[in-house]
Amino acid sequence: MNFIEDLKWRGALNQVTDEAGLIEAMASGEIGAYVGTDPTADSLHLGHLIPFMVLKRFQNAGGKAVIIIGGATGAIGDPRPTTERQLLSPEQLRQNEKGITEQVTKLFGDEKTAIVNNNDWLGKLTLTDFLRDYGKLFSINVMLKKDVVASRLETGISFTEFTYQILQGIDYHELWRRHNVQLQIGGSDQWGNITSGIDLIHSIEGNNATAFGLTIPLMTDSSGKKFGKSEGNAIWLNPEKTSPYTFYQFWYNQSDEDVVKYLKYFTFLGVDEINNLEQEAKNNPGGRIAQKRLAQEVTKFVHGEQAVADAEKLSAALFSGDVANLSAADIADAFGGVPSFDITSEKKNVVDFLVDGEVEKSKRQAREDVTNGAITISGEKVTDVNFEIDPTKHYDGEFVLVRRGKKKYFLGKVK
């Protein structure tokens, strides 16, 4: 399969301006494709991974991957369908640019990759030059019809955000000129901005200039929810914001209805292997064989093989209940979302500990659960109601992990 056929099979193609022309251009020699991202945060998240997966496939097909960090456009903000974006300070933008650049470098490597900042050319563009060289090439009537602009006309859109599509068009032309970029990749909501860039290239370079646009379908799960969040929280690519274990678990916990779609889109596995995993999922529903492979592949791509090994080691320990030898970092990682309570480092009777931490509603219930073997403290079952808990001896003196019954966890945090 060629690049386009592969995208179609993977469900990763929404629109393309000239399919035959793009295939011909890719076959004729190395061309570049680009994805742009504005540094609105200090880390990429799963939403960014959607266009980056297509760009990585383009790179694997022999093309050059170009990533724009929007140092200039990030100071303005791509228009939202409903409200104006909050502007960031120059200092915050620079910090965000640094974090995103490090992540992109890890994903794409150094070969056949260019990471550029549009502040290098937009930052030097005077208002007079902008109006004379570019403004005259854009029709207000056409710009008003772009979906994201049209949706804001009633509620109001600033001139700043209105001109964003011109700046994105300038980006495409600059990359066309500097890096032989002939393809822009974006989400389905970027179609208007992408075609504006193609029109600008044709206006400046002539209608024979080869420039293409490709958009990706909106990614949703089987229930129709927008992909990329876990219980309302963004899944970040920065391991300090979303740990590799949490990242791994996000993929492992995908439903049987979604897993094949995500295997196609977010991994580089071939047709036969994915078809085999799909068949295994059908033959053994709930077995999570396909989910495990999905989690392994995506975690390896983003965080590396060691992160996969560490995540699976932690998962195995949690599944078996053998948590006594985990590190404090592992405990914070795996149990950060369970009910928690503050404790001191001083010793305390287990019954008082359970009641004070609201693990148990009464001392009577606490004594009963301890006596019946329903209470486990940091991996060790406690059956003596006179047992004293010494927080300094648990997980580097940072946590005490309580399990009531088989699955109900609570975390005491030393303050």
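Even glycines carry a Cβ here, placed using N, Cα and C.
Here Swiss-Prot gives motif ''KMSKS' region' for one range in the set 116-120, 176-180, 226-230, 346-350: that range is 226-230. Within the chain carrying the motif ''HIGH' region' (39-48), a Cβ under 8 angstroms from the stretch's Cβ atoms is held by residues 69-71, 74, 77, 85, 88, 93, 95-100, 103-104, 227-229, 234-238, 241, all 6 or more beyond its ends. Look at the domain 'S4 RNA-binding' (348-415): DSSP puts its residues at 22 helix, 22 strand, 24 coil. Just so you know, the Cβ of Gln168 (L-tyrosine binding site) picks up 24 other Cβ atoms within 10 Å once every protein chain is counted. Averaged across the motif ''KMSKS' region' (226-230), pLDDT for the predicted model comes to 70.
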